[in-house]
Amino acid sequence: MEYKINPIYRRIMLKISGEALQGTENFGVDSSILDRMVLEIKELVNIGVQIGMIIGGGNLFRGSRLVQFGMNKVIGDHIGMLATIMNGLVMHNALHRVYVDSSVMSAIPLQGVCDNYNWMRAIDLLSNNKVVIFGAGTGNPFFTTDSAACLRGIEISANAVFKATKVDGVFAHDPIQYPNHNIALYEQLSYQDVLQRELKVMDLTAFALARDHNLPIHIFNINKVGALKRIIMGYREGTVITK
């Protein structure tokens with residue numbers, strides 16, 4: 001595809017689930033997916049797109065499952081935060097291998113492992129074309145990485161949040177639950193549409209943050225090669241949610 005000259009977004013917050021990194025593996029990281037992701041990120045960095053990133057930890061730890069068997073929710077969330085740091089370090093190393101400068105910032109102190117989160121420092125790094133990977137969520141239990149992505153996106157003045165999923169966007173019904181049905185894909189929605197139709201885009205805390213700060217949300221399929229770049233260059237892909 002021949003792309004338009006200039007990206008429509010100059011600074012983005014990219015949210016990748018741990019599940020997306022896991023790919024077809026039973027646990028951990030699928031190296032082929034990781035390698036493809038970092039090459040796509042490199043391509044965007046090379047055209048001047050500033051990228052903040054948050055990665056979930058579900059490929060390494062699912063606290064919600066252990067809570068059912070008696071684990072304290074706060075402890076489970078703390079372990080989940082550490083899982084996001086682990087994924088962040090994996091991404092940091094993979095970007096380094098393809099000569100993309102990046103920095104990992106943690107919402108909880110991990111001296112000697114990564115930098116402490118500082119929003120002014122993060123903006124400075126982004127402005128100098130470095131990818132910034134935000135780890136440990138918001139640093140507080142009971143908040144999802146979706147909430148962290150919207151919060152950090154607002155703090156760094158991102159133009160939009162991009163949520164990478166395993167489906168092509170937002171559907172009227174879950175296409176994974178109904179694989180043999182012809183379910184309509186919404187190309188564009190308003191925040192109000194999502195609330196009225198009770199569409200499960202992200203948790204309500206995250207969604208309210210984005211809505212209240214007029215932060216567009218793009219939902220797209222991470223397994224669709226080039227999908228992220230197509231959106232950033234102004235082409236229709238996945239679902240966009242705006243006011």
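Glycine is treated like the rest: Cβ placed from N, Cα and C.
Per Swiss-Prot, the features are:
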- LYS15, ILE16, SER17, GLY18, GLY58, ARG62, THR165, PHE171, ASP174: ATP binding site (BINDING)
- GLY57, ASP77, THR138, GLY139, ASN140, PRO141, PHE142, PHE143, THR144, THR145: UMP binding site (BINDING)
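Here the features listed in Swiss-Prot are placed on the structure.
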| residue | record | DSSP (3 states) |
| --- | --- | --- |
| LYS15 | ATP binding site | strand |
| GLY57 | UMP binding site | coil |
| THR138 | UMP binding site | coil |
| THR144 | UMP binding site | coil |
| THR165 | ATP binding site | strand |
| ASP174 | ATP binding site | coil |
What's the most sparsely packed of the binding-site residues THR138, ASN140, THR144, counting other C-beta atoms within 10 A?
ASN140
Sparsest-packed among the binding-site residues, when each Cβ's other Cβ atoms within 10 Å are tallied, from LYS15, SER17, GLY57, THR165, ASP174:
ASP174
Inside 8 A of the center formed by the CB atoms of GLY57, ASP77, THR138, GLY139, ASN140, PRO141, PHE142, PHE143, THR144, THR145, which other residues of the chain have their CB, for the recorded UMP site?
GLY80, MET81, ALA136, GLY137, SER147, ALA148
Expressed in Å to no decimal places, the gap between the Cα atoms of THR138 (UMP binding site) and ASP174 (ATP binding site) is 28
Return only the integer: C-alpha distance in Å from ASP174 (ATP binding site) to GLY57 (UMP binding site).
22
I want to check the contact list for PHE142 (UMP binding site): same chain, sequence separation of six or more, C-beta distance under 8 angstroms. What comes out?
LYS73, ASP77
To the nearest whole angstrom, state the Cα distance for the pair LYS15 (ATP binding site) and GLY57 (UMP binding site).
11
The record names GLY57, ASP77, THR138, GLY139, ASN140, PRO141, PHE142, PHE143, THR144, THR145 as the residues that bind UMP; what is their largest Cα to Cα distance in Å?
15
If I restrict to non-local contacts, at least six residues apart, and a C-beta distance under 8 angstroms, what lies near GLY58 (ATP binding site) in its own chain?
SER17, GLY18, GLU19, GLN22, ALA83
How big is the Cα-to-Cα gap, in Å, between GLY57 (UMP binding site) and THR165 (ATP binding site)?
14
Span of LYS15, ILE16, SER17, GLY18, GLY58, ARG62, THR165, PHE171, ASP174 as binders of ATP, largest Cα separation rounded to whole Å, comes out at 25
Give me the Cα-Cα distance between THR165 (ATP binding site) and ASN140 (UMP binding site), rounded to a whole Å.
24
